[in-house]
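A quick write-up on the structure given underneath.
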Ligand code: GDP
Ligand code: IMO
Ligand code: MG
């Protein structure tokens with residue numbers, strides 16, 4: 001059996017949580033492979049909305065094993081709160097949740113480092129979620145970080161103190177002092193809780209599951225344009241958000257990769273700083289924000305909104321080897337008479353291209369738009385693919401033709417049920 005992977009193709013918040021939850025019943029295992037509490041994955045069903053940060057989105061299906069892989073940076077405090085919330089809603093996640101002993105630990109001091117580092121960047125700040133992601137990955141790559149398995153060691157406290165001392169010096173270098181207050185006690189209580197859970201060598205668990213024919217879905221966090229190598233650097237996150245990250249973040253060999261679901265909105269959003277060629281700073285952007293309720297699931301920040309950008313989608317599809325596309329939130333565009341689609345960029349030299357320049361940051365790009373008729377029908381009321389309006393079908397075909405990958409799922413609302421499957425679509 002293969003590992004299928006679901007990846008965001010834009011700047012995150014494409015609707016990954018919803019689709020993982022929808023696809024989950026056909027899998028035995030759902031695994032997160034990178035990121036941490038910077039993620040906010042929303043699921044809606046039976047009239048209730050759930051936001052998950054570190055726990056995989058298969059958790060509401062009791063027969064599915066959910067794994068937090070080695071590539072994840074885990075904040076025990078946030079994690080305990082998440083588990084408690086699930087408990088309050090009657091979900092006993094401890095039974096079907098497994099945590100890699102190699103996952104990295106986010107310490108309270110990592111969050112302080114995130115804040116002081118952002119403050120020092122001033123107007124050039126990344127717009128981090130301030131969850132300690134960057135500093136924790138820095139420690140991992142710098143080979144000084146702590147991992148989940150370390151909490152089982154008798155000298156864990158000393159190793160914790162040693163790392164915090166390093167952090168203290170760095171915070172002082174920024175001209176501030178490290179005062180963790182009650183956070184330390186909360187951290188150690190959360191670590192005690194973590195110790196009581198199923199801590200595993202998840203690379204063995206996953207590879208044995210593969211051998212025995214189990215189906216695995218890897219759930220990406222963030223989006224391809226936030227990837228540390230190929231995203232809009234330096235305005236990116238600190239992990240490999242691409243398919244390649246699932247190999248290193250779970251211990252899966254590339255030859256075991258099966259379907260790659262690439263998920264994108266019918267328009268585009270971004271939260272935090274950095275380039276966004278199709279951003280709409282006018283009332284159209286505001287209209288999308290309101291209709292799409294585009295406010296961050298993790299930080300509540302208003303998301304920047306703009307038209308769909310095909311050159312970036314082509315780029316993400318290329319980097320991930322996407323085999324199926326999922327278009328999300330098409331229902332949000334109901335009110336518009338026409339819908340714009342960025343097909344190319346015009347460079348300052350006058351050249352028209354559909355490729356991304358080395359840096360979106362330094363190149364001033366002018367989006368080249370095609371304008372398509374809007375559908376003016378509330379897609380949320382439609383529950384069969386056959387009943388989709390012609391203008392919307394034309395929009396789908398236009399995007400599909402450009403991207404040369406079939407759109408197999410169209411999502412028309414936040415609820416699990418508002419999901420239309422398109423079988424047997426051929427492109428090209
Ligand atoms: P993720 O981080 O990729 O899981 O996405 P988020 O949960 O951060 O953001 C997606 C938001 O859009 C959530 O509030 C979802 O409930 C909502 N959503 C998902 N799919 C649809 C859809 O098709 N239509 C509408 N209107 N909302 C959707
Ligand atoms: P999900 O999984 C959208 C953005 C932040 C910031 C940049 C770096 O819900 O799609 P970080 O905290 O990682 O240092 O922030 O990345 N960012 C996200 N934007 N969705 C996310 O996750 C994000 N996770 C991080 O806003 O611009
Ligand atoms: Mg999100």
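Glycine too: its Cβ is placed from the backbone N, Cα and C atoms.
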Among 222, 287, 324, find me the residue TrEMBL lists at the same IMP site as 13, 14, 15, 16, 38, 39, 40, 41, 129, 143, 237, 301.
222
What recorded positions in the list 40, 41, 302 lie within 10 angstroms of residue 13 (active site, proton acceptor), counting C-alpha atoms?
40, 41
Among all protein chains shown, how many Cβ atoms are found within 10 Å of the Cβ of residue 18 (GTP binding site), not counting that one?
26
If H, G and I count as helix, E and B as strand, and all else as coil, what does DSSP give for residue 12 (GTP binding site)?
coil
Validating a neighbour-count step here. Other CB atoms within 10 A of the CB of residue 42 (GTP binding site): how many?
18
